[in-house]
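What TrEMBL annotates here:
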type     : residues  : note
COMPBIAS : A:680-690 : compositional bias 'Basic and acidic residues'
COMPBIAS : A:692-707 : compositional bias 'Basic residues'
COMPBIAS : A:708-731 : compositional bias 'Basic and acidic residues'
COMPBIAS : A:876-888 : compositional bias 'Polar residues'
COMPBIAS : A:921-932 : compositional bias 'Pro residues'
DOMAIN   : A:96-496  : domain 'Cation/H+ exchanger transmembrane'
REGION   : A:680-752 : region 'Disordered'
REGION   : A:832-965 : region 'Disordered'
SIGNAL   : A:1-18    : signal peptide
TRANSMEM : A:114-134 : transmembrane segment
TRANSMEM : A:146-164 : transmembrane segment
TRANSMEM : A:176-198 : transmembrane segment
TRANSMEM : A:210-234 : transmembrane segment
TRANSMEM : A:243-265 : transmembrane segment
TRANSMEM : A:285-309 : transmembrane segment
TRANSMEM : A:369-392 : transmembrane segment
TRANSMEM : A:398-421 : transmembrane segment
TRANSMEM : A:442-460 : transmembrane segment
TRANSMEM : A:472-494 : transmembrane segment
């Protein structure tokens, strides 16, 4: 199926493509950096187009002229414009082919677990190469070193560097450096000398015209462990992380050694071995230092620039990923520009910037960066292996010498093993946890050679290195042998040796906390024991990072956030997702209560609903209104059916876009189905929660009233804050509203999700104490009369005047019965963090009754409440379909479908504008005052989040008894 | 100098009393000598025992968030002096676990650097009132030390709640030592709570 396509292409493309590749062929000193383009593949396309502009562009211009002149005579309806689109077309087809190949391989699960993908890709390349050879008699395609070094390799290295687990990497930096430098030198020299010895001994044929220098050169390029191959194979093997990071780190960092050795030997070969002076050797050593340290520095400088730039992208989130790609790529190119070690540069740029960049850019940008990098790296890897296969099928390359090939194979394997054993012996004297024999076996066996060696050997100048063809052939054999044979057998080997595998376990919050504590303990103990060990320096570095670097490179709002808090949030979200993934179905039928409920149940009920409503300006309550609102149960049956259907029909994506903006992603076409399901489930739970919670708000309102003057005071203090936030929001809310309205009319199923929630719940409920509110809720969210949003209508529709008093009790009791407490708690935590995530700025789900009520006070906020509820109503139903956010969207925060991207930055601003309120806030009673008295000074943003997720400080065990009354 | 060294060698090696036949005997001796000189350089009062002030004089400890807690860990309850023996006893928690120790970890006298003892050391840092439970307040205190001032009490509280919920199996809203062990059972404590004393 693939081959015919290719054939067609090739015969059509023919020699032109070959010319193109030739035109693009680079020379060792790399060409000046081309215009930095995103993504290897596209840039490759572009570069090649530029490479041969003379062919195409004039032609197309000519054609257009011809078109113009022919216009009178006869207009051709369809024209064959092959030459115009040829190059990008071919490249795109190659990419497509490679992707298809991947799909095919992954059809069979059993097959892919045995055979690594890289092997299959090489085999496919061999087949394709054979086909091409037969059809066109000469091999137009090969792995072009320029393409490889400028586009394919950076995508892989960039991905590897950026997502390198930094802590693990630096924990093992010693061994990595040792293997990378000493190990590679050892391999290179031993292989080179021994091959020369074999030549002298006559094992290698006389036809191989190579002296000592040539063999050393060959040894240098063949001895370096290849990052591409290592990644491809080890990712499937899943050895434990220490082992992986050592082998992989070595493969990245040995680049400097390889580059220097390669260049030094080339110059020696060109000058002739006789003319090499002693000074040249020292120059070689100096060059190594410059290349490696220089490369690292370039990388770190770019990392700093990148991190610094992303500090200021708040308003232009959309280009954040671009910055990441560009600067990481520029780090690579700049290092190449000065002939420093580009891989080192890129790796360290990635490692260095990751922490700050990830903190600075938005969640969506993070996802974009991640997926784009992974996609590019994956496709680059695929192309590399396919082209390796194709390149092998080329008669002109085959200069076979059995002696050379077998000697090389034996030597690289033997010396690798010897080197590993010797170095490990030395290293183990300094290691806390020694690398045992099994680790050493895997490390020796995992020394895979790959495309870097091949590209380097192809780059050799045939005039100076007479034996180039032999070397190329040998390299191909070595690469194939290591990738295919060792790659194929390493998995069984690892299994057989019982190498500890890596677990894909994510740390729990306990582990996060305690491991941090361990770090501090170790640093302190080292200090006490007077050792300036690793922990000592790491601690120093962290201090420095915290005090200077993070301050410089992170946004203020981000810098203030604690890592621990971030970790906590992450864990919560993960849990929420997994709860829904695993137990979603079970839980949906059960009623969930959130931790906030517990605290509220104890408050008596408020009688004056209107008053409450008036004061509760925030967006949360909008949503509540929606649910609990009005009677008019006529449409109940109808809407029920409707909701049921629409809720069950799967809507993979939103169908209409209310507006288009290049700068903000208003709608999320990329939303994935899992997300949608997730959101739907979340929403249903939230609705459950809200309907009960509303009561509680009322209750705690009354409670507050009773508490009297001090509360009033706080309220007064709180008002300005509400004002601010509302005013800030105002301009945003308006467009959203209109959008919502629009959506409302065109898209009834938007609301469906809400509807289904109620339907599901209704059956158990109706017989109980809540017969009225449920239909009412259905009614409201269904009825368009709630729109157009006006404060009065929203208020009017509020239904909770009916006997809602008993409701909370019933709900919470039910919840306890149905859901095991632990699950409930996990859920509670998760859901609150999710809310805070989706709507960080607005205290969407304040758990502390007092605080939450306070936050809703304020006159102008009332209007807001009136409008937002409506949007909330719409969005409650529509978020999953209309919102591209891919996160759970709490109505209050999102403010309505499609608005999130715009609103987010602004609300962040808001937060920063209201630091006052955090000071005014009622002091949380019990937690012991921290040693640093500065705890009072809170980041408003953090504070707001805390409103969302934090339990009331006063009642510590409250979450234990969510249903307590 | 002779007596404390021998004593502390036993302390240091508690568990491997056959230190004489141990090929790493030299290392052990070297470690002890080294730590002994460190002990003396810390001991400004020159009375053979360290006070809290001696520890607090170490500049790095002043910026270590858990510094004071760790200093406290050196002092037995109710005392404010620690002799070399006690000093070594505490540091011995952080010796890496060696293979030959692992195998006989179930001896009656568990070596100080066993997994459990390492964990116990960490646990005691949290457990201020020594009731063998980390209460929410105790956890909050440590968290506050570790996170600094940029995080609100509410957030910290929710982290603490979550932490306790996660670890708490018997529903007493605190973390007992067995729960602490359980919750960290997947962590490579032997590695993460060990220091190489050779340099």
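For all residues, glycine too, the Cβ spot is worked out from N, Cα and C.
Note that TrEMBL annotation is computational and uncurated.
Using a Cβ-Cβ cut-off under 8 Å and counting only residues 6 or more beyond its ends in the same chain, the transmembrane segment (A:176-198) has close neighbours at 169, 204, 211-212, 215-220, 222-225, 245-246, 249-254, 256-258, 261, 403-404, 407-408, 411-412, 415-416, 418-420, 422-423, 426-427, 443. Between the transmembrane segment (A:210-234) and the stretches A:146-164, A:243-265, A:472-494, Cβ pairs under 8 Å are most numerous for A:243-265.
Cβ atoms under 8 Å from those of the transmembrane segment (A:398-421) belong to residues 179, 182-183, 186-187, 190-191, 194-195, 198, 203-205, 207-208, 218, 222-223, 440, 443-444, 447, 449, 469-470, 472-474, 477-478, 481 of the same chain, restricted to positions at least 6 beyond its ends. Sequence-distant contacts of the transmembrane segment (A:369-392), counting only residues of its own chain at least 6 positions beyond either end whose CB sits under 8 Å from a CB of the stretch, comprise 39-41, 94-95, 97-99, 101-102, 117-118, 121-129, 132, 139, 141-143, 148, 151-153, 155-156, 158-160, 162-163, 228, 231-232, 320-321, 324-325, 361, 450-451, 454, 458, 476, 479-480, 483.
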